[in-house]
């Protein structure tokens, strides 16, 4: 009842005065049901599939594992194709609809292999020495075709479902829009997580105890309900038309760059004209990967239409298109470091065989299905997220007295290290399991259950869950913040692409290991009989490769350099209100400009140059000022690297205090120059901050940088309508400047939280929150 009331309230909040006819929260149950049931069905089939291939199709463990690797790779690659089709041709509704149909057909076809005896080889018992027939060509094709259909279906549903759902509730002009979107995302991910848990427990249990016909029939029925739920709500959906795909833009940049390969850059590039969209935040491309800049150089002005667009899109690209491709190229080395972790995650087949040969009983009458142990990965993910968000971060923030967070690249690296530890634990557990099996006389009996609890496998699953929670979540955050906003879908798809490549690499490693280790008549490390194999050696090999991968990640991280705003947090003010923004400056819709406000030296007549704003003995000292100076320096350096204008707003006063606020006039006299008097050392910028050629200086005498200055006219004339503010102090100069900027209709005004300060953290964050 509470959930229904909550959703009803949210629905009412997100409605405009004129009730919407389409979209809204009423469509959410159908979209979430579609994705959730698809996940439930597909994950429920995957967990026990190696057992089905070995028992019913008489396929060996190596061949069966490779089939599952390729199926997993296809399932992770097809979403990229689905995203391209959706963005360029069909739109999200049709793509999800077709994906649901393909998934249903694949699952029905797979279920038919359990119902029709001719669809699979005849039954035999290998343990009794019976000769088992291999599947015929048609039986193989039928099986593999079912996998292909399900992969195509996943490729249609998974890349579009979340974005399609967001389309239904995303109303930028609604003051409650952010709350509605958060509600949708929460319900969406909750439903997906619950679906996977049910798949790994209930569906697997049904397959183990009710047989393959029922075990595969239930997912097929669930997929039918998934498609039905989606199509029933068709009249109520908002269906946006397809637009141009990023993949097409990437292809254009490469083609145009090749066409212009002989074009040489002049020694003086100041006269070069670059093609840019009218609403673009970028006036020229960056110098990184400079050869790609040739794709946006205007060689013939006649190639530009009166609307400012290229008459031939395959002859001239925009600066934004070039920078999008550059951004993707830059993050690819760090992305590639996650592939090895995907290889480790793909080892579920061998862990399934391990669990099957161990004591899985929790009670004398109940034992955990071998295929359900993967649920401990999810438990590890949930445990780490809870510990990190609810315990580690709050406690660390309280100890430090200010917000604490762990950098995304640190979390990515620690996640990869945990993946390495998971493989070490797996190798160790398998070493002792195999020794127990041989001591029990199970050398020729691969299904003999050793007197060793399968719960000893849990630590490696939990470690893998922690690794995934650290690396995957941090990777998504990294890609989302480092890539332009126009590439947000691509950013979220990179993890799936990594899983696909990881599955292919896992297949290559497995085939190579099997081929190399059986040379000279030796027994392969990997065979159908787990007790005659050397799975522990295989795990040690993966451990070594994982450790090398950690070192590779460190190298890539060092080469990449700092993230866009590493160490910075921001708060964004705009007409929709006030909310936190953890993103990089160039990702705001307009070009951002840094404005130092009040960061300077102050001075009294004494033996030492003291700092009224920063140093401990200054009359105008801000306790937190000294700590933020390195971040202000970093912010200025980042701005200059990006070609962003730096405006210095400095406070300078008449030495007699004739232009100072009334409440401060007592600090000035003919005998003693007051704080930041013109020409004094106190009016100079703190060490490390230097006004350079190309910067701009504005002198103020009050809190606000806009009061009695020409700053507003300068910014408007320059076409600047977005600002980033750093300096001291938050309740005075920063706060008043920001309020005035909003009142003057600047579109975006951001505050770098770690680049501003007040007398105490409570005052600082209180004024920001």
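Heads up, the Cβ atoms here are built off N, Cα and C, so glycines get one too.
TrEMBL does not curate its annotations; it predicts them automatically.
Here TrEMBL flags 611-765 as domain 'Isochorismatase-like'.
Per TrEMBL, the feature region 'Disordered' maps to 1-21.
Look at TrEMBL and you will find 67-86 (among others) tagged as transmembrane segment.
Packing against the transmembrane segment (93-112) from elsewhere in the chain are residues 34, 38, 41-42, 45, 82, 85-86, 119, 142-143, 145-158, 160-161, 164, 213, 216-217, 219-220, 223-224, 226-227, 230-231, 234, 237, 239: each is 6 or more residues past its ends and has a CB under 8 Å from a CB in it. According to TrEMBL, the feature transmembrane segment maps to 93-112 (among others).
Same-chain residues lying 6+ beyond the ends of the transmembrane segment (143-166) with a Cβ under 8 Å from its Cβ atoms: 27-28, 31-32, 34-35, 38, 42, 45, 57, 67, 71, 74-75, 77-83, 85-86, 92-93, 95-107, 109-110, 113, 120, 135, 181, 184-185, 188, 237, 489, 493, 496. What TrEMBL lists as transmembrane segment is 143-166 (among others).
TrEMBL lists 187-206 (among others) with the feature transmembrane segment. Same-chain residues lying 6+ beyond the ends of the transmembrane segment (187-206) with a Cβ under 8 Å from its Cβ atoms: 28, 32-33, 35-37, 39-45, 47-48, 162, 165, 214-215, 218-219, 369, 371-372, 374-375, 378, 382.
With a threshold of 8 Å between CB atoms, the same-chain residues lying at least 6 positions outside the transmembrane segment (218-238) that come near it are 22-24, 26-27, 29-31, 33-38, 40-42, 44-45, 93, 96-97, 100-101, 103-104, 107-108, 110-111, 164, 167-168, 203, 206. Taken from TrEMBL, the feature transmembrane segment applies to 218-238 (among others).
The transmembrane segment annotation in TrEMBL covers 366-387 (among others).
Residues or ranges marked as transmembrane segment in TrEMBL: 408-429 (among others).
Feature annotation from TrEMBL assigns transmembrane segment to 449-470 (among others). For the transmembrane segment (449-470), the list of distant contacts is 341, 344-345, 351, 354-355, 357-360, 368, 370, 373-374, 376-385, 388, 411-412, 414-419, 421-423, 425-426, 429, 432-433, 436-437, 440, 442: same-chain residues at least six beyond its ends, Cβ to Cβ under 8 Å.
Sequence annotations record features per position, and here TrEMBL assigns transmembrane segment to 491-510 (among others).
Here TrEMBL flags 538-560 (among others) as transmembrane segment.
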Under 8 Å, at least three CB pairs between the transmembrane segment (538-560) and the transmembrane segment (408-429) (pairs 6 or more apart)?
yes
Contact count check, CB pairs under 8 angstroms to the transmembrane segment (67-86), set 366-387, 408-429, 491-510; argmax is 491-510
